[in-house]
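These come from TrEMBL:
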- 39-51: compositional bias 'Basic and acidic residues' (COMPBIAS)
- 523-573: compositional bias 'Basic and acidic residues' (COMPBIAS)
- 580-612: compositional bias 'Basic and acidic residues' (COMPBIAS)
- 622-638: compositional bias 'Basic and acidic residues' (COMPBIAS)
- 405-485: domain 'BING4 C-terminal' (DOMAIN)
- 39-66: region 'Disordered' (REGION)
- 502-638: region 'Disordered' (REGION)
- 319-360: repeat 'WD' (REPEAT)
Amino acid sequence: MAKKKPLNQLDAKRWEKHAERKKEILAFQEEHAKIEKEEEEYQNRVLDRQTKQSKPKAFSRKLTDEEQEKFDKGLLRARGRNILEPTFKSVLKEEEEELKQRQDERVASADVWKYIEPASRGMLVVDSGETKDITQRDLRRSVNVLTASKMFNLDLPDTGPYNIDYDMSGRHLLMGSMRGHMALVNWGDKKLIQELQLDEPIHAVQFFHNETMWACAAEEKVGIYNAGGIQITKLKTKGIRQMSFLPYHFLLVTSSPNRKIIEYRDVSLGGKVVMETTNKTLNTSCMKVNPYNALIGVGTKSGTVCTWSPNSNVPIEQLFAHRGTIRGLEYSRDGMQMVTGGDDGMVRVWDVRKIDKPMSEMELAKTRIIKSMHLSATGLLALSYDDFVQVYDNVLTGHTDITKPYMQHRLKKKQQVQQIRFTPFEDILGIGHSGGYSSIVIPGSGEAKVDTSEVNLFGNIRSRNQKEVQMLLEKIPYEMIISDPKLIGAAFFNAADKTKEELNASTGQPNQKKKTAKVAGAKKVEGKKESQYWANKREHLRETQKRKRDEREEVERELRGEAGEAVVEEKKPWSPFNRFSDKKQKLEKLVTLPDPKKEGKKGGKKGGEKRGKKEGKKAGKKGGEKAGEKAGEKQEEK
């Protein structure tokens, strides 16, 4: 039998490791002392150099305090025995100060705002008569060659009428006809990019975040295509008549008046249905996105305007706007005003924050039924009837005496207007009609100030790809769509004192009764508790972040040996001595000083566990043998 190992040999390996660790610590201490010695020598050399510079030997006269200070900073130098001259460093510093002072004076004296915020939008002004009497032929003679080239007609009588849409930059035009013809055109250069012919009518077309992706709503499906005309995805939804796109959420919103349904689909996930709701009131006639809060405004054939969110299966707001079908619905650029037009011959302007009554209204001829409506970035409102287009100004300013149009245009050969759209950043109005497409000039309709961080009008393929990746990384979740975006991230500190109805009203959520929101991946929460649920979720997230922050700070304090004090990291200014501190930090990371008490406890625990296991096995064997012997003796006695 093997002899038992003595107790002093069981931990031999642990003591060997301890000896190796001790050697590493000694090497670390020697290296640390060497670095400190180098740092001290370098500091002494720098001090010697400074003292030599501050006391020029060849200079005879005594320096004043101001001269001595400049000499120490390196702004003056000695030349000869009695002459002090400025150094190159001081000359550069003086020139920079003069240049900065000159620039500040120019900015203060210049009227910068007249260039940033022009008072005139470039509207038409006439000496006698009215602006509506000016025709496109008169404008063609007066405008420059580049603008005149943008006034043209595409005669396609065999394939019309056409629905049209522009991309965010306004450089590309998408056309889809009721006879299945589709075309993607660079309308500024008049180049055809792609052309398709389908076997079914196209009721709506919609660009996505840029010109490389777009969708068309046919009778039996919604097809998503790329710039090469290849169908990427086919959405099996029937009877779609209206489409809108949320570029910052990558959501495609579709509505079908026959099926009375609204669908939200995530385009970045291949058209996955995020939210789908069916309601008897969804007999839609028009649809528009509010640019302020990304809510969808839907006009119905019963004369009501409903506001929808992907987080609710009932409308957030309902407004009875007109008697009869609502033909047009538009939002202002800031999203605070809404313009509606209906079959009753009225055009009304509403304040979205207070929809008790309209701000202003304009009465049209009862014989004229609005076919299409669009609002420009500068506030011009375009209306279309049969073969006639009218543009009105000062609609959003609250004027109640708007009776005469700003401009008007009649199509040739009584061609029926299908859809009108203002071109972004251009004084151009595009008209899709039964005879093809027409482009006319409307002075003052285009926005001249371009935010290049949002839209790059002169970007190439590389910048477009970078922008697309950036938009995908900054994609906003659909759960954050509420009526007031300023409430996102806010906490209800007095939530316990508020009633459920007040909490729902503050977050823009409807007061539902025993209904759940059909949101993919969301928990089933009752409508009355929905806003409180999201408030609790935000509060829980805030608490977890705070807890993690406290834990991280506590670990940092323990590492620095300052458990009782808070760690405040201060960025040290650059210094040539930083290289020595960096070496020290690297050495400390490689070799950490061990705690002998902790190591002794760990080793004792491990040794005790091993020894306890061995002794337990032996005791079990002995106990089993004894029990077997006793049982055998009893059987023999019997």
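Note that the numbers count up from 1, one per residue, in the order the chain is shown.
Glycine is no exception: its Cβ is also placed from the backbone N, Cα and C atoms.
In TrEMBL, annotation is done automatically, which means it is predicted and not curated.
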Predicted model, mean pLDDT over the domain 'BING4 C-terminal' (405-485): 89
Secondary structure content, the repeat 'WD' (319-360) (per DSSP, counts of residues): 0 helix, 22 strand, 20 coil
Residue distribution over DSSP helix, strand and coil in the domain 'BING4 C-terminal' (405-485): 20 helix, 22 strand, 39 coil
